[in-house]
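Student: Can you read through this structure? Questions will come right after.
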Amino acid sequence: MSNFSSQLRLSSSLIKRFKHQMATNVSMMMMMMTERRSFTTVEWHRPTIIHKRSLDILHDPWFNKGTAFSTTERDRLDLRGLLPPTVMTAQQQIDRFMVDLKKLEKNARDGPSDPYALAKWRILNRLHDRNETMYYKVLIDNIKEYAPLVYTPTVGLVCQNYSSLFRRPRGMYFSAADRGEMMSMVYNWPSDQVDMIVVTDGSRILGLGDLGVQGIGIAIGKLDLYVAAAGINPQRVLPVMIDVGTNNEMLLKHPLYLGLQQHRLDGEEYLSVIDEFMEAVFTRWPNVIVQFEDFQSKWAFKLLQRYRHTYRMFNDDVQGTAGVAIAGLLGAVRAQGKPMIDFPKQKIVLAGAGSAGIGVANTACNTMARMLGNSESAIESARSQFWVVDAMGLITEDRANIDPEVLPFARKMKEVGYQGLREGASLVEVVRQVNPDVLLGLSAVGSLFSKEVLEAMKHSTSTRPAIFALSNPTKNAECTPEEAFSIVGHHIIFASGSPFKNVDLGNGTVGHCNQGNNMYLFPGIGLGTLLSGSPVISDGMLQAAAECLATYMKEEEVLNGIIYPSISSIRDITKEIAAAVVREAIEEDLAEGYRDMDARDLQKLNQDEIVAFVKNNMWNPDYPTVVYKRD
Ligand SMILES: NC(=O)C1=CN([C@@H]2O[C@H](COP(=O)(O)OP(=O)(O)OC[C@H]3O[C@@H](n4cnc5c(N)ncnc54)[C@H](O)[C@@H]3O)[C@@H](O)[C@H]2O)C=CC1
Ligand SMILES: CC(=O)C(=O)O
Ligand SMILES: [Mg+2]
């Protein structure tokens with residue numbers, strides 16, 4: 001025993017001596033290294049050992065480097081695709097932060113407008129980063145106040161400033177540099193179930209043009225509405241940015257831009273990136289629904305045709321906007337005290353022949369044609385109710401290089417001559433000659449409905465002319481409600497894409513400003529498709545959604561000029577629209593069921609039971625009970 005304890009003492013003194021020796025050696029080595037360092041520029045850093053990968057690292061403020069993670073680190077740590085593609089230096093990160101901070105400080109002195117909205121957005125965004133349940137509870141309970149922050153108009157400002165606002169990643173980035181990698185990188189997303197993806201390539205964000213990678217803000221904003229309005233579980237939504245470059249010269253030159261600093265891919269190269277993305281997401285999540293958002297018209301129609309018969313997808317700007325516009329146009333007919341079946345008599349001047357404008361023209365024309373019996377002559381007659389004006393004026397058959405989607409709406413030269421018009425006639429000329437019932441703007445040009453144009457609308461043949469200034473965000477609206485009510489008259493029906501306040505017309509009367517925005521449809525289209533289990537989104541399902549919105553408003557509201565519901569009731573209207581979509585999918589024999597509710601169970605549900613089924617499957621922002629369980 002004593003022998004053992006003396007051995008122990010000996011060994012402990014040996015260990016002490018060894019430790020001392022080691023400490024001396026290490027300090028000598030350190031001194032040598034420090035000296036050596038003063039002669040060389042080599043820095044030695046011990047690596048930080050971490051036991052996490054992927055989003056867990058980005059969400060851990062101790063280890064997160066954000067955009068400064070190098071390409072090799074991104075590969076080693078499963079971060080590829082979880083950050084915008086450009087690797088920034090630490091100094092660039094600080095520069096971005098300072099630009100943003102200084103701008104806020106400067107602008108705050110100039111009055112409460114954009115910077116005030118951005119400051120509020122930031123506060124909400126930080127809450128979104130910290131606690132999703134609370135964030136969505138705040139959003140749902142105050143949707144009227146906060147939708148304009150998370151959605152249009154502030155989301156436009158957020159996208160414009162995204163490279164300086166970016167702090168924590170949200171969603172995924174698939175870039176042209178990821179070609180060949182998408183099928184594996186899609187597994188970097190931590191959730192095994194994704195119900196809704198909103199994807200953009202940033203090429204036409206609202207009416208703000210090409211914002212490149214910064215367009216991810218619109219996908220995030222749309223998905224906020226999916227959660228708030230449709231009750232899609234926030235853990236099952238995925239905003240996606242496909243960065244194929246940008247043609248925005250300002251961003252291409254900007255040192256702090258977070259996206260690929262190259263011109264946009266085009267043609268087959270572009271298509272191959274989008275194809276690869278679609279294959280990757282549908283391989284990992286076969287039941288996901290993909291909403292295409294804010295793709296420039298050039299690709300919006302082509303991609304819709306390419307994918308709509310094989311994937312669960314739709315284009316919100318083409319199809320969602322069309323449904324909302326139809327509901328509004330039918331409301332404008334009802335507001336005149338006429339039955340909806342009178343719709344084919346409406347003369348419509350449409351300013352804007354892009355994805356939104358032509359989407360509306362097609363659907364409105366099909367609705368008219370159906371009401372007229374769907375024959376060849378019905379289609380011809382329906383088309384003749386539209387005058388489409390773009391940046392080059394009235395579109396006629398004489399137009400050179402006309403897009404195939406626009407061609408059906410080109411006015412015949414014979415008619416044009418008879419109406420005192422010509423190829424390229426200006427908007428004001430067209431309104432003066434046509435005296436339309438409806439003037440609809442999807443041009444992205446703020447103040448396009450000038451005093452002259454609105455003066456001309458005074459001669460509309462309608463008892464309640466409709467003026468729809470649907471471009472977003474607020475600054476791009478074709479006119480304000482004040483301008484429309486004061487110039488055209490108090491009897492008009494007015495709608496805008498972004499929210500405006502109602503107008504006080506004096507003597508206790510109010511000029512109602514409706515918000516004509518696809519937000520009233522897309523959440524219900526997505527939810528209805530999800531719950532029906534339909535493998536595609538058919539024209540009939542979209543039509544059912546639009547009809548549901550059109551009939552949601554009561555007669556007395558419509559006669560008072562209120563043609564869209566208040567955003568406060570968006571959860572209720574979304575539930576009804578989703579139920580209409582489910583019903584239509586069942587009728588078209590497309591419904592394959594959802595979870596325990598298989599196709600045959602769905603077939604047995606009556607109207608009320610479908611609504612209850614939808615309601616029961618909407619996520620609510622209530623804290624769940626959390627229980628810890630060891631691996
Ligand atoms: N309220 C809503 O729910 C929605 C609104 N929008 C808005 O619609 C606008 C257009 O969107 P897209 O069609 O996708 O854009 P786009 O860029 O594809 O089309 C714009 C069209 O406006 C035309 N245009 C330009 N200047 C004009 C002028 N001076 N007079 C007449 N036409 C003119 C262009 O030639 C083009 O045909 C955007 O501001 C967008 O925010 C889009 C979707 C939904
Ligand atoms: C509302 C919308 O989708 C847009 O302005 O593009
Ligand atoms: Mg859009």
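Glycine too: its Cβ is placed from the backbone N, Cα and C atoms.
According to TrEMBL, the protein carries these features:
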DOMAIN    128-308  domain 'Malic enzyme N-terminal'
ACT_SITE  TYR151  active site, proton donor
BINDING   ARG204, ASN472, ASN517  (S)-malate binding site
ACT_SITE  LYS222  active site, proton acceptor
BINDING   GLU293, ASP294, ASP317  divalent metal cation binding site
DOMAIN    318-586  domain 'Malic enzyme NAD-binding'
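Quick one: where do these features end up spatially?
Tutor: Neighbour density for TYR151 (active site, proton donor): within 10 A of its CB lie 25 other CB atoms from the protein chains shown. Reduced to three states, the DSSP call for TYR151 (active site, proton donor) is coil.
ARG204 ((S)-malate binding site) falls within neither a helix nor a strand when secondary structure is assigned with DSSP, and so counts as coil.
Using a 10 Å radius centred on the Cβ of LYS222 (active site, proton acceptor) and all shown protein chains, the other Cβ atoms total 28. In this structure, LYS222 (active site, proton acceptor) is part of a helix by DSSP.
ASP317 (divalent metal cation binding site) carries a helical DSSP state (H, G or I).
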Student: What whole-number Å value do you get for the CA-CA distance of ASP294 (divalent metal cation binding site) and TYR151 (active site, proton donor)?
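Tutor: Computed Cα spacing between ASP294 (divalent metal cation binding site) and TYR151 (active site, proton donor) is 14 Å.
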Student: Restricting to the domain 'Malic enzyme N-terminal' (128-308), what is the model's mean pLDDT?
Tutor: 96
Student: Name them in sequence order: residues not among GLU293, ASP294, ASP317 whose Cβ is within 8 Å of the mean position of the Cβ atoms defining the divalent metal cation site.
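Tutor: Those within range, site residues removed, are THR200, ARG204, ILE205, ILE218, PHE292, PHE295, ALA300, ASN315, ASP316, SER355.
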Student: Tell me, which recorded positions from TYR151, LYS222, GLU293 are within 10 Å of ARG204 ((S)-malate binding site) if we use the C-alpha atoms?
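Tutor: Candidates kept after distance check: GLU293.
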Student: Return the count of C-beta atoms lying within 10 angstroms of the C-beta of ARG204 ((S)-malate binding site), excluding that atom itself.
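Tutor: That number is 26.
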Student: I'd like to know which of the recorded positions TYR151, ASN472, ASN517 sit within 10 A of LYS222 (active site, proton acceptor) at the Cα level.
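Tutor: Final answer, ordered: TYR151.
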Student: Under 8 Å Cβ to Cβ from ASN472 ((S)-malate binding site), same chain, six or more residues apart: give me those in sequence order, or none if nothing qualifies.
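Tutor: Result: THR152, PRO153, GLY156, LEU206, GLY207, GLY497, SER498, ASN517.
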